[in-house]
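Some features that Swiss-Prot has for this protein:
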ACT_SITE  HIS116  active site, proton acceptor
BINDING   20-39, 98-101, 186-188, 212-214, THR230  NAD(+) binding site
BINDING   TYR64, ARG67  substrate binding site
BINDING   CYS124, CYS127, CYS146, CYS149  Zn(2+) binding site
DOMAIN    1-245  domain 'Deacetylase sirtuin-type'
Amino acid sequence: MKEFITKHRDKFQKISAISGAGISAESGIPTFRGSEGLWKNFRAEDLATPQAFSKNPKLVWEWYLWRRNIIETKRPNPGHFALVELERIHPDFFLITQNVDGLHSQAGSKKLTEIHGNIFINRCISCGQESKETISENTTPLPPQCQNCNSFLRPGVVWFGESYDDFKLNFSIQRMKHTDLLLVLGTSGSVSMPVYLAQIAKDSGALLVEINPERSSFSSSVDLFLQGKTGEVLPELIREILDNPS
């Protein structure tokens, strides 16, 4: 790690990070994939789609409220706070997260885009109005309705088969094109978007550093692979970067 930083210290002008489910898992949040994602024998892929919502919006909302309840009991971990510290000290840093749990914001990240949305946002399917009003199965008929136009509300996340928000996507692409150092944190590459963004960064000349407990689809193309949990390895990496300013 030290040799890598010393050799490439002039590459630390513009630093970006992509975070995935691994950093949230360190806070105790299930990945909601595979066996962890099963709820009443439904898989995430069965419920997180426009078709599922159109067919049974009440069922989809019940699943998302179950997920919200789990996430609300969790707190940011050292990996989240290390990114906040990097943002505070480094003048040109930006974070792109796949995670919808809001823990990066809760930790204090400001230069952040939640490319898959935020599970605590409610968005109207007709007028697009968004809110963070608390929804409870005990007090709110499901699916909840928009106060502006009375259409159904849906969770403000990107579902399987949906397009990404144009502004968030275009901003992320431009950021990758002008990034010197990209940190890939806790994402396996099973979702195509982070792989796509990382490839843009690499093709544009960025150095790639991956932190993951196990090797992933990114590992063969990164410049440095650091095995371990983000919350354990990232603080050490950031200390090295900040101790060796460019």
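Cβ coordinates come from backbone N, Cα and C, glycine included.
Since we're looking at a predicted model, the values are computed, not measured.
For GLN98 (NAD(+) binding site), the recorded positions whose C-alpha atoms fall inside a 10 Å radius of its own C-alpha are HIS116, out of TYR64, HIS116, CYS124, CYS127, CYS146, CYS149. Least packed by the Cβ count within 10 Å, out of the binding-site residues GLY20, GLY28, is GLY28. For GLY186 (NAD(+) binding site), the nearest of the recorded positions HIS116, CYS124, CYS146 in terms of C-alpha separation is HIS116. Same-chain residues with CB within 8 A of the center of the CYS124, CYS127, CYS146, CYS149 CB atoms, the Zn(2+) site residues themselves not counted, are ILE125, SER126, GLY128, GLN129, GLN147, ASN148, ASN150, SER151, LEU153. Sequence-distant neighbours of the residue listed as 'active site, proton acceptor' (same chain, 6+ residues apart, CB-CB distance under 8 A): THR97, GLN98, ASN99, VAL100, VAL157, VAL158.
The binding-site residues under consideration are GLY186, PRO213. Their Cβ neighbour counts within 10 Å are lowest for PRO213.
Separation of the C-alpha atoms of CYS146 (Zn(2+) binding site) and GLY28 (NAD(+) binding site): 32 Å, rounded to the nearest whole number. Summarised as a single figure, the pLDDT of the domain 'Deacetylase sirtuin-type' (1-245) averages 92. Comparing the binding-site residues SER24, GLN98 by how many other C-beta atoms lie within 10 angstroms of each C-beta, the top residue is SER24. Checked against CYS149 (Zn(2+) binding site) by C-alpha proximity, the binding-site residues GLY20, SER24, GLY28, TYR64, PRO213 yield TYR64 as the nearest.
In space, ARG67 is the closest of the binding-site residues ARG67, CYS124, CYS127 to SER24 (NAD(+) binding site), judged by Cα positions.
Set side by side, the binding-site residues CYS124, CYS149 differ in how many other CB atoms lie within 10 angstroms of their CB, and the most is found at CYS124.
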